[in-house]
Each structure stands twice: as C-alpha cells, then as structure tokens.
Amino acid sequence: MPARSAPPPPALPPALRRRLRDLERDEDSLSEKETLQEKLRLTRGFLRAEVQRRLSALDADVRCRELSEERYLAKVKALLRRELAAENGDAAKLFSRASNGCAGNGEEEWERGGRGEDGAMEVEEAAASSSSSSSSSSSSSSSSSSSSSLLPAPRARKARRSRSNGESKKSPASSRVTRSSGRQPTILSVFSKGSTKRKSEEVNGAVKPEVSAEKDEEEEEELEEKEQDEKRIKIETKEGSEIKDEITQVKTSTPAKTTPPKCVDCRQYLDDPDLKFFQGDPDDALEEPEMLTDERLSIFDANEDGFESYEDLPQHKVTSFSVYDKRGHLCPFDTGLIERNIELYFSGAVKPIYDDNPCLDGGVRAKKLGPINAWWITGFDGGEKALIGFTTAFADYILMEPSEEYAPIFALMQEKIYMSKIVVEFLQNNRDVSYEDLLNKIETTVPPVGLNFNRFTEDSLLRHAQFVVEQVESYDEAGDSDEPPVLITPCMRDLIKLAGVTLGKRRAVRRQAIRHPTRIDKDKGPTKATTTKLVYLIFDTFFSEQIEKDEREDDKENAMKRRRCGVCEVCQQPECGKCKACQNMVKFGGSGRSKQACLQRRCPNLAVREADEDEEVDDNIPEMPSPKKMLQGRKKKQNKSRISWVGEPIKSDGKKDFYQRVCIDSETLEVGDCVSVSPDDPTKPLYLARVTAMWEDSSGQMFHAHWFCPGSDTVLGATSDPLELFLVDECEDMQLSYIHGKVNVIYKPPSENWAMEGGLDMEIKMVEDDGRTYFYQMWYDQEYARFETPPRAQPMEDNKYKFCLSCARLDEVRHKEIPKVAEPLDEGDGKMFYAMATKNGVQYRVGDSVYLLPEAFSFSMKPASPAKRPKKEAVDEDLYPEHYRKYSEYIKGSNLDAPDPYRVGRIKEIFCHIRTNGKPNEADIKLRIWKFYRPENTHKSMKATYHADINLLYWSDEETTVDFCAVQGRCTVVYGEDLTESIQDYSAGGLDRFYFLEAYNAKTKSFEDPPNHARSSGNKGKGKGKGKGKGKGKSSTTCEQSEPEPTELKLPKLRTLDVFSGCGGLSEGFHQAGVSETLWAIEMWEPAAQAFRLNNPGTTVFTEDCNVLLKLVMSGEKTNSLGQKLPQKGDVEMLCGGPPCQGFSGMNRFNSRTYSKFKNSLVVSFLSYCDYYRPRFFLLENVRNFVSFKRSMVLKLTLRCLVRMGYQCTFGVLQAGQYGVAQTRRRAIVLAAAPGEKLPMFPEPLHVFAPRACQLSVVVDDKKFVSNITRTYSGPFRTITVRDTMSDLPEIRNGASALEISYNGEPQSWFQRQIRGSQYQPILRDHICKDMSALVAARMRHIPLAPGSDWRDLPNIEVRLSDGTSTRKLRYTHHEKKNGRSSSGALRGVCSCAEGKPCDPADRQFNTLIPWCLPHTGNRHNHWAGLYGRLEWDGFFSTTVTNPEPMGKQGRVLHPEQHRVVSVRECARSQGFPDTYRLFGNILDKHRQVGNAVPPPLAKAIGLEIRACVGARMREESGAAVAPPAPEKMEMTAAAD
C-alpha cells in the first residue's frame, strides 16, 4: 500500500479530498495523462475563469491537431503550476466561490453533483473487482480516446485505466512523504506526479514552487518556439500568395470556434443540457450473480434441471430500467456503442419471465447489470408489440418499462422500432410507392398506446433512417433469392440518399440481432394479366430468343461493369457455402451455371446504384444526326452476273432507253418486281428494294430501286418481325449487276372485318419463311418514327414505265418547302411586288397577320429588363452556415431563361429585289410589315401582361422589313369592336386568335385609338401602297373568320373508354376539345373513382381490376358482379389511359424474371384491351421515362403489338408547360389510329417555356427521334407563371381545412378568368393544405421570401415551437474536407464522414432548424437544392407530385409568400384543372388524385389534333365541308362538357 500524500487544502470540499485520495491509491494503474485528466476534471470547476479559458483553447488546439499530445500535457502542467506559484501558494484565489463568498455553497454543489449523481457509481468503480469488466475496459478505451476530447468537462466520470502512453512509473513509497517545510500543501501537490527527478527534489525540499513555475514557463516557451519554427518552415516552402492565405487562416481560426467536448464513452456532448446522470441504485440492489440466484426469480422446483445445457442463458424481464456508461451518463444503447465495445450497464427491477406486470412488485432490485453484450428485437410478427432485449454474460433480459429518468431516451428507441415496423409492413404490399407516399403513411399512422409521443413525423423517419433501412435489409435477407429486394424500391432509395444511410452493416458483426425473425407473407402484386392471343404470342413466344440473348449480354456486362462496391461489410465477408447460390458454385462442387453471388454477399450499394441508374434519363441527350436517310449506310457489292434485256425498249428519251424486262443469270425481272441487293459486309442481311424503272445509258445497264426498310432498322429494332418490311421515302439509281436475286414482297392490307377480329386466335406469322418471301403493311417515317398506312398514288399513263412513289413524295415535300411568290402586282423602286407568297404549303397574302421569330425585329420602346437576381451580399456565416452552398445561379422553376413569344406583324407588302438582269430575285423574298406590340413590349413591361388577356395586342404604325424565312405561321388579328360576338367567344373559337382595341405610340408612351387602315378590314383601296387595300380585303380577318361557320356536317363525339382513369384529367381535356364522350372508365382506387363520378355523372365507372373486367368481356359476359353494363366489341371508338409501369421499371435490362413481370404488367393488359376492342383511336400516356425503360424495350414492344394489330402508330414526348400550365411535366405519348383513319400529329406548343425543360427528343438504339413539332424555340403566347395561376386565392394558414370558402376578390389574370369559369355563385373548394409538424412549420416560417430561397437560407438558431418545445442549434463538429472552413474559421462538417472517415451514428443530431441530414449528404446530391424551397411568383411549379413535402422529390412546394405548403386547389390549378372540378376524399387523397392526373390542357391539345383527323376523314369520305376543330376555349373551359 503506497503512503498517502499530504491532505489537500481545506478550501476543497471534503468529498473532493476523498476522491483525490482514492485517485492517489490507484496511481499505479494510471498513466501520467490519465492522472492529469482525472485530477483536472475534479478541480476544474474551482479554477478561475481565465485559467479555464486557456485550458479550453488548448483543448481546441489538440482537437484540431494543431498541438501534439506531448506539448499539450506539458502546457497544461506549466499553466497550472504558474498560476499556483503566482499566488505564492495561496490556493484560495484559484477557486471561484459563490457570489456571497461562502465556500459552503460550492461544497454542497459538489456533494450534489458528485455524490448525488455519481456517488453510487463511485463505490462500484472503487471496488472494480470484476475481471471481465476490467479486461474489456482496457481493450475498448483506445478505440474511443482518439476521437474524443482529451480532457472532459467536470461532471464526466472517471477516465479509462488503460496505460495508453506507458510513461507513468510507480514511484517508491518513500518519495511520497509530507513536505518537511511545514507549510500547508496547495493544489500544486495534487499535480506533482511529474518526473522521478522532480519528486526526489521535493523530498529534499530543494525546489520551491516559484522556481518550479519559472522552470516550467521556460519549458513552455521552448515548446512554443519549436512549434513556431515548425510552422515557419511549412509556410516558407509555399508560394507568396499561399503564405498570405495561411496567415489569414491562422488569424481567423479563433479559439471561439472550438468543438464542444464529448464524453469519451457515450459520445454525448458534455455541455448538452439534456445530458443526464444515473441517479444511483437503492441500498438493497444486488449484484448480477447474486440477483440471479434469488429465489423470487427461480421458475424451477428443486427436483427439476434448470437448463437443457450450460450454454443456455436464463431469461428474465427487467422493469424500471436505466442504461448508462461507466461515467454514469444515461445513454441510448442503439447508437453503435455496444458494437464498438463501449461498456454499457443497466439497473432496474428484474422479474421472472412469466410476469407481465411492469410495476416494481415482485421484482428483485439489481445494480450495474452487464456490461451489455448484445441487444435484440423480437415479436416482429405483425402484432402490435415489438420486444427489445439485452444479453449479458449471465442472462437474457426482456425490457418492460423504463425508469422515469430513462423514459425520454427509451421513447426514441420505441419510436424507431414502430417506425421500421410501419415501413416494412407498408412496403410488403406497396413496392412502387414514392418517398412522399411513405411519408403519408407514416404521418397518418397512430402510434400505439402508452408511448410518450402522439404522431410520427418526417423528422422522426430521417432520425431513424439508418435503423429502418437496416430492418429492410434484414427483411430482404429473409426473402427468396429471386425476389427483387425491397431496398431498391423508389421510396427506400430516396430515403437512403436523403438521410445518408450506410448500407451493408452486417448483423453478425454488429451486436444487434433480430431474434427469430418472422417472415411476413409478401403481397403477390396485381392479378395475372389478361391478354388476347395475339398479344400473348408476341410476348411469350416471339421473343424467347431475344431474352436469352439479352441474358447472355447481361452476363458479359456483369463481368465487365457490374462491380460490387467492395467497401461495405457485406462485400468483405466470405461466401457462406450453404445457400443455393454457393452450392451452385464450382468451388463448392456445383455446376457454376447460375452465376449468382452468395446470398450473404449481395451488395446493397450495387443494387441501389443500379436501380438509380435505371431511373435516371439524361436530359442532355447527346447530339446525334436525325436518321433522315439510311441510304448512306448501304454499301453494296457488285455480282458477276450475265445480264441481257428481254424485248425492245418501251420508251426512249434520247439519252436513256427504258425496258420492261431483264434476264439476270437465267432469272427474268420485270418493272415492279422486288429484288435483293448484296451488302458490302457479308455479315449483314440483304438489302431489299422494288424495281421501279430499268434503262440503259452511258453508265451501263441501270435500274431505279425504291428501298424497303427492314423492321430491325426502324424504331422497333430487334422486336420487329424478321419478315416484315416497311415502305420508306428512299430510292436510288444503280447498276443491275448489284442485284443478288428476285424476292417476293407481299402487301398485307387490313381485312374487311378488321375491327371485329380483335381477340380472336390468330396466327402470329403473316407469311411462311422460305428465305425469299417478305411482307409489308405500313409506310415508315424515319425522322418522326411514324408507322402509317402506305400512301396511295396512281401514276400517270405517260410516266408509268418510270414512276417511283418515293420520288413523287420527295418532290412534293421539296416543292412545299421552297418559298415562292405568286400573283405579281407592280414594280417600283427596284422591287417587284406580289399579292401572295407560299411556304410549307401555307399561303400568305397582303393583309394577313403572321408569326415571326423573336429576333425578326425589335421594338423602339425598350421595356425594363426582367429583374435579374440581386448580387450576392456578404452573409453572416455563423448565423447562416449553409448559405455557402448556394454558388449556382440556376434556380429550378425560374423563367429567367424563358424565350420571348413570337413577334406578330401584319403584312403590308410582299416583294423581291430586282437583279441587274432585270429579273426579280425570287430566292430572297421580303415582307414589309406593321408591328404589333404585346403588353410586355410597351413601357408598362411585365406588370401590364399579368392583368391583360394573353391574346391582347396593340396596333402600331411602326413598319419594318423582314425576311420571309422568319415567318413561322399565320394567325388572326382583329379589331375588338369590329367583332359581332364577344371577345371571349371569339378567342375560344379557334387557335391563333388575337385582338386589339388600342394602338400604341412608343414615342409618346401613350395608347391611342387605332387608325382606320388598321381597323377597317373591309375598306378596300384605302391608304397608300399597291394593292394593299385589296389585300386587306382578303385578310385573315375575312377569310379565316368565314371558316368556323358551321356547315351541314357535325363531328360526332367518339365513344371513349378511359382505363386507369384516375380522377379524370385525360377525359376532361378530351371533353374540352369536344372530341370524345367518356361512357366508361376503369379506376381501382376508390377515392379517384368517386372523383371521376362527381365530374362525369353519365359515365359508368368500374372500380375493379381491369384484368378481371377484360376476362369477363372476353368470356361473353354482359355485366359485372355489380350489374354494371360492360362495353362490348364495336362499342369503343377511343381507348385512352396511363397504365402504371412501376412493376418493371426497376431494372434496365430484361432477364427471364423481369421479363415475366413485364408480361404480367398493366401495359400488356392495356394493349390487350386495344386488341380486343379495336378502337378507332388509341392513346397511351406515361412518364417521360417510359420511352427509355429497359433500353427502350417497353416502348418497342408496345409499338410492335400495335403494328401487328394493324394500327398506324407513333410516339413522342410533350411538355405540359408548353400548353398553358405553370408546371414542368414531360409526358410520353403513344398515339395509334385504326386502318383508314388519319394518324394524328402531335400538337404544336402554344406557350413558350423554360428551354431546360423542353428537351423532348428521344434516343433509341443510338438513333435520335423527334416528334413533328416545329415550334421548338418559341410559341404564340408567353409562359404561364405561378402568379398567373394562384395570386387571386385568399390567404390561408398551415393546416387550413375549410373545404369551401369564398374567393374574396375578382380574378386578376387571364388564366384565372379561364380557370374560374362562369359560376353563378362562385365557391372556392379544396383550398386546404397539409398540417405540418411544429418543427417543419418553424422551418417554413424561417425560409426567406426572396426567389430561390430554400433550406440553405435557414438560420442556425434555437426557436420555440408551437407545441411548446424548443429546437436546438445544429453543431458543426468536424472539419469538412471538401468545403473547408467558413470565413469566420468555423467548422462545416456535421459527421465524421466529412473528414473522409465512416459515418458515426453518435454524430446524428435532431430537432434542429437546419435538418442535420441535408448538410450530412449535401455534397453528394447537388446540395439538395430546392428542398424547403419557395415557389417563385414569376416561375413555375416542379412536376406536381402526389404529396407535397418540403423534403420530397418535388422540392419547391412552399407558397411564395405564406408559411405553408401549396394547397390542393393550387396544385389542381398548376395541372390546369378548372376550379369547378371536384375532388374526393381526405387531403392526401386529393393531392394524390391531382398529382397522378394528366393536365387537362395537354389532353385538350391532343384531343384537338384527334378531332382534326376525324374531320379530315369525314371530308374525304363525304366530299362536303365539315366544321373544323371545334369551339375551343383559349386554354381550358370551366367545367366538363
């Protein structure tokens, strides 16, 4: 037993003296560092503030690695010695007493803190008799000490007893005797465990404190000099500019920016107000071994054997428990501490396993059970209860109720367990849901009774994301090997990204396990697809070879590309050798055919990455030439053939002698026969062509080949029938020697009874494959990917011998494209004037109004340029620590880059300049036009535009000359007071209609009455100029106004079946276009079906599985189980719908499993509906990615089915924002028309829109396809903005729930006037918004109102929430490798991953205004731009989703000025639904109905194109004039027809 040192000074409280004496006893087991740590921890509370500040600064320096540990320890010792010596040993001044100067308060306080909170632990630690405890202690200390503060705060428990530095030596007993000077020792003696030399000097009394302090001061100065030298050396090796940076950085790194200290064990912040200490055990509490032998816990009689084997542990329950670390800090047990071998203990009342009563009665009080070796969960079997348990060296304990002090910590644990339970059970049956849908489920689930929280929130989901994802991984591991993992569902991938979850942590390695995981039966998904025989054969038989080929390619690709991450714990463990995959491996004696990874080694990172790649479609499509001509690729090979003409020439035109027949190698060919041509590359198939003419001239024996296009060269690619050819407009002259042989190409016209043959058992093969027989049904447009009925053209008798359909069509197209002038008038001033010019088949006359490119002319009035973003001002980075992430100027949803709409002018003159030879230069046509001003072009700028009608113009007498090539189309402009109908009716009567009421004078900035020559369209001959008056008489006002007058034939509405109808957006648009009457709709989701019924009371709405209904119809049933009449064959004239694709959109390649999924998908069911009913028109609407799924295989198979049925078809991508809504929404559209109908074109855009959102081309098999749209850069009308959409709606608060309110004002914009319609007593419905949690509401309140604001503008402050609680400040605890420090020297990292290390669960923070997860993962995800973002008044909505969440995919969902998310009605308006449109269900049901719908204005634009095709066919058949595309409101009507 070592001798005791002199007692501490009387100024120290007695309890502290006792602790210091205990420490002296244990000195042989502690290193110098640990001794210093513990003594300083005990006395630090009594040191002066100045000394404490110096110590904090040293702490910060060592933590930032600016100070080595050796220098740090020396400086601390020197600092303390100097302070003691300065006072001549007067220890009293070192202590900061209470304000009244009484030391008693300090003593009481210390007693309370030491004994009250730690006292019980102290006794336990002093005993320290358990060998297992001490061994694990020493092994674990080294892992935690390196990353934590070296000197913890005063209340921390005793430091670890591992001799990390090894420099503490046991001094001889004789060296610790009381000093002979007789002076009372000070605190200095407490810190006198220096070197042996020092102690021997003390024994002799040779060194006084002052001298010692001076010596230490010198040592410290030496160390500082050494440190400065090192710094200087480092700086001098750098360039001059870098030296400055270094110096500045040193200056700015002030000690104030230090990281708060953490406990080395539980990793909690020592200055955290929520840090709690274990209050101690009662006196009667027993040790674990003693407690386990207590008879109250025995469940066996004396005669029974206790356990089956010695390996079995007894099981008990524990109630009123607390979990704490060695220092007495209450701490959670799920943050990775147990896994890192940190010793956690628990105390409580232990009860027998059969006792379900959580009260203390009948329990045995136990203390310091543990350390905990593992924790686990059981009872995950679909019931309400989920149990948690601990395993120690002696027993298993199932947790019942926590102690009062531990309850808040344990509540979080329970929350995460119930949260994961909700997620797993939700995803079993809903694999295709989005992140927003999962949030909806979580937020609407009521927590079990007895928990101390009343709702689940997004914050709690993100808080527990790591745990939840691990539960999902565990669930997947228990699944079948061929089941797609739940982990790669869209919502889980979004959660992983947002929360920065680390995948692949193995439960075997972690000391956490799911005990007896119960496998929950997974939902089998939708019913098996009902298919017609034709569709079935195409999908099941025809492509089996293709699938095998894809799988082979997949294997190759796997070997090359698909590498496991190699980092996660899953990748790093060996194969198990037991699972099916391992048993198939060669090394385990298997065949090696399956090539599957061990089931225990399935890399989750790889699975998630692949799923992410499949979902992304690159907006920036690589520049590729449009495949206009494939003839450049036809490299042909000449054959050595014997060629001789048969008969005499049938025609001769001097240079050429035309023949009807030729003999090639004893085979006779005639004009009109089809031949094969050998390709240069023998591995390629033969080229096929029709011989349209044969002749001989100076080039030799020639023929003209009209090429056929094989199906594999179309968009169908490998899915096409190998024997099917397509006509194309491509032809070529070539020598007869290229011909390989004669082939038979048969035209297969649609049968007479085509419409009624749907669903019959048909043979899939059209012709027998004899190697020389082919067939064709369609003509194919290679640029637009359009399959159409072959064109009919009869050759004239005089050119029959050389008539080529391709030449004729190409000549016609070229002829149309070339601009021409006609009807010459007068000549003068070196110009020739004309009455008319034509381009692209459109006539332009003097007096017509025309669209011109925006750059065609400018205005003399320079309007105020749109407000650019204000320049960035300096931001207080301590208050707004995330603002530095906003370095990009681009804001999603901004219209700053939106182009101007077309200029509008009225033609005054059409002329060509006369050349020197006296002839007009007709290749360069010019127009003299009068300019029209739009409201935004006047001095009033954009403000005038907002309130004005979108088709309002102002006349001006300004004239300008433009090139005819700048003309983009014709429009109608009339003087409003000359109309015989209202301006509203006129505007709704057709496309491209404008009006003006005033003239604008740019010089005086005034509005005037328009002059006579502007308004009097019928006044012929007035005004100057040659024939202009006459021209005006034939202006568009007159000739175009006459067109809409109804004639005898009215277009009937198409009887429509809307499958997957939702709430009816597609049908609503078609009704507005006047093209259809929806008689039947199918919608399985009840709330959406009810909404459809509310808006379409005459429609039969089926709320059944579409497969069941089709089966009923195909089996001859007339009604369903509810007695609703089913549509029969021949009833349906138009079929439309948007089948969900999520079931097979996950993986980008087909293999046998995903292929079978696609065969059972709703797309296949929808195609079977089309095949059975054979409607006149078919429309499939889907997400933009539909055209890219599975390397476009889904698109190809869809088109392949339609072509085989006999349909003309095409596809394209449209942007809803270009048709009159303030929202970006790209949609893939597949259109089909029955034989005999005209295949509709895609509608031309009506509005300009942000160019980034208008990239609508599609790349399939490395070929770029575009739709027929020509208005790619501009449009007739300006873009619709958020202000246009919703500025008139009354203000509401977060959580507003009044279903009907009044408007409180008139509509302010043109869009609002259209969308409100003409209600008799206007009522505003569904202007309601989600009630967000208190924390989310506080975040929304602190998002600034400036454009582009989002989470990065949140201040880092504490805020009192509406529920009475307060938020915390986000702590920045790590150095950010990528972004460095802030301008004030503050840290920017919130997790150890910022420094390049693995994530540490202990770094997670919650309840902060800045969500911790966003800076955590921001660097990897574009800084999460747009989350918690506000909409911009002059911008547009992101794609409206089914559930507006501030942290969801849609991003910007906050109102521009109000502190809430957008309301249901605002979302409905962003989709273009009229205010009269009814929705059904709760608020989330309504959001989902709106988010899933097709925007009615987009559907209307498509509907008008279909209507035009119906009218064109009727005109052809009857020869009579038909009413043109029907009365059409400018963008939308108020309600359904």
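Placement of Cβ uses the backbone N, Cα and C atoms for every residue, glycine included.
A quick note: this is a predicted structure, and the numbers were derived from the prediction, not measured.
The domain 'DMAP1-binding' annotation in Swiss-Prot covers 8-105 and is backed by sequence analysis.
Feature annotation from Swiss-Prot assigns compositional bias 'Basic and acidic residues' to 21-34.
Per Swiss-Prot, the feature Zn(2+) binding site maps to C263, C266, H329. For H329 (Zn(2+) binding site), the number of other Cβ atoms no farther than 10 Å from its own Cβ, over all displayed protein chains, is 25.
In three-state terms derived from DSSP, S420 (site 'Important for activity') belongs to a helical segment. Annotated site 'Important for activity' per Swiss-Prot: S420, in sequence order.
Residues or ranges marked as zinc finger in Swiss-Prot (evidence: sequence analysis): 558-604.
Look at Swiss-Prot and you will find C565, C568, C571, C603 tagged as Zn(2+) 1 binding site, backed by sequence analysis. Mapped onto three states, the DSSP output places C568 (Zn(2+) 1 binding site) in coil.
Neighbour count (other Cβ atoms within 10 Å of the Cβ, all protein chains): 20 for C582 (Zn(2+) 2 binding site). According to Swiss-Prot, the feature Zn(2+) 2 binding site maps to C576, C579, C582, C598.
Here Swiss-Prot flags 883-1011 as domain 'BAH 2', drawing on sequence analysis.
Using a 10 Å radius centred on the Cβ of M1084 (S-adenosyl-L-methionine binding site) and all shown protein chains, the other Cβ atoms total 14. The annotation S-adenosyl-L-methionine binding site is assigned in Swiss-Prot to S1061, G1065, L1066, E1083, M1084, D1105, C1106, N1492, V1494.
The active site annotation in Swiss-Prot covers C1141 and is backed by sequence analysis. Long-range Cβ proximity for C1141 (active site), meaning a same-chain Cβ under 8 A and a gap of 6 or more residues, is found for S1161, L1162, V1163, N1182, V1183, F1186, F1189, V1194.
Same-chain residues that are not part of C576, C579, C582, C598 yet have a Cβ within 8 Å of the Cβ center of the Zn(2+) 2 site turn out to be E575, G577, K578, K580, A581, Q583, L599, Q600, R601. Least packed by the Cβ count within 10 Å, out of the binding-site residues C266, C568, C1106, is C568. Of all the Cβ atoms in the protein chains shown, 30 others lie within 10 Å of the Cβ of S1061 (S-adenosyl-L-methionine binding site).
In the structure shown, across all protein chains, V1494 is the one of the binding-site residues C263, C571, C598, V1494 with the greatest number of other Cβ atoms within 10 Å. The record assigns S1061, G1065, L1066, E1083, M1084, D1105, C1106, N1492, V1494 to the S-adenosyl-L-methionine site; their largest pairwise CA distance measures 21 Å. Mean pLDDT for the zinc finger (558-604) in the predicted structure: 70. The shortest Cα-Cα distance between C598 (Zn(2+) 2 binding site) and any of the recorded positions C266, S420, M1084 is the one to S420.
Taking the C-alpha positions, the distance from C568 (Zn(2+) 1 binding site) to V1494 (S-adenosyl-L-methionine binding site) comes to 42 Å. Each of the binding-site residues C576, C579, C603, L1066 was assessed for Cβ neighbours inside 10 Å, and the highest tally belongs to L1066. Its own atom aside, the Cβ of S420 (site 'Important for activity') has 24 Cβ atoms within 10 angstroms in the protein chains shown. Reported as a whole number, the C-alpha separation between L1066 (S-adenosyl-L-methionine binding site) and C571 (Zn(2+) 1 binding site) equals 48 Å.
The two recorded residues, C266 (Zn(2+) binding site) and S420 (site 'Important for activity'), have Cα atoms 24 Å apart.
In this structure, H329 (Zn(2+) binding site) is part of a beta strand by DSSP.
For the recorded site, M1084 (S-adenosyl-L-methionine binding site), the DSSP three-state label reads coil.
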